[in-house]
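Novice: Before I ask anything, here is the structure I am working with.
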Amino acid sequence: MSSWTNGSSNLSYTSFVLLGFPGLKESRALLVLPFLSIYLVIVSANALVIHTVVAQRSLHQPMYLLIALLLAVNICAATTVVPAMLLSFSSRFSRISLARCLVQMFCIYFLIVFDCNILLVMALDRYVAICYPLRYPEIVTGQLLAGLVGAAAARSTCTVAPVVALASRVHFCRSDVIHHFACEHMALMKLSCGDSSLNKTVGLTVRIFNRVLDMLLLGASYSRIIHAAFRISSGRARSKALNTCGSHLLVIFTVYASTMSSSIVYRVARTASQDVHNLLSAFYLLLPCLLNPIIYGARTKEIRQHLATAFQQAQHQVSSEKLQPLPSHRELPA
């Protein structure tokens, strides 16, 4: 599908074919099972930890609620990408309109930036909890937490909206085939005609500025947090504080390392095939969603204990049902 735009003679496509992993051609259908399996693991693992936090009143504290929100964002991010990816492996369902393409682009980048902003809120929460433990309940209130999450969402919107708005004004006349499984910004800009340097510059500048600013804020916060943790006289409290910070730092490393490695390889390894670039994109989009619930479920003591209790109860219930004797002939209803 294509249309004439602005009354000019420049033809601009209004729908595109998502050609995920084009090098595999007809063998792309073989990727459905592994990516579907990864998606199901992501949804079930994240949902399990979220359910644990919501169901246990003892976990209704700012830190655990932020963890649940982070994992909910993981589910949304995977859902934005994977179903469209699986459909792109089929030629019958691979076409997407420009409007839907831009919406998907906005959702992908919004959720990535929102994920990073939640990590900043979590760093602030830990800073107050460890550096000002006696004042923590009066400082970190539900109202403050809601305001910080709202500010994180607003910042994410303001970061992503200009990039998507500029992309919506571009004419796409080179081709209507996107050699990607999703509407990624650079993949779409390859189809643009005319000068798209502004779009690429704005996209790169926004990404670098946000990454550098986030790393500076996180570095300043956690350096103060770790310094304060080592000054705690109680060894048990110090160990708990450092273990909690270790979980957050591991998640931060996973999120930022995956995004930065993908950006670096995308720009350095220009001789690599499109399939390699697409695999790296899937890696940086899905790896944090897969690892975050494992990190928090395994390293956060309170969550781990509730998960272990729930698993033992489920196992005991299954064993009880198996051992329950069947009714005898005399006990059967007439």
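Note: Cβ is positioned from N, Cα and C throughout, glycine not excepted.
Whatever TrEMBL says is automated annotation, not expert-curated.
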Novice: Which stretch does TrEMBL mark as transmembrane segment, out of 127-145, 146-164, 241-259?
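Specialist: Within the set 127-145, 146-164, 241-259, TrEMBL attaches transmembrane segment to 241-259.
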Novice: Which range wins on Cβ pairs under 8 Å with the transmembrane segment (63-89): 29-51, 101-124, 241-259, 279-298?
Specialist: 29-51
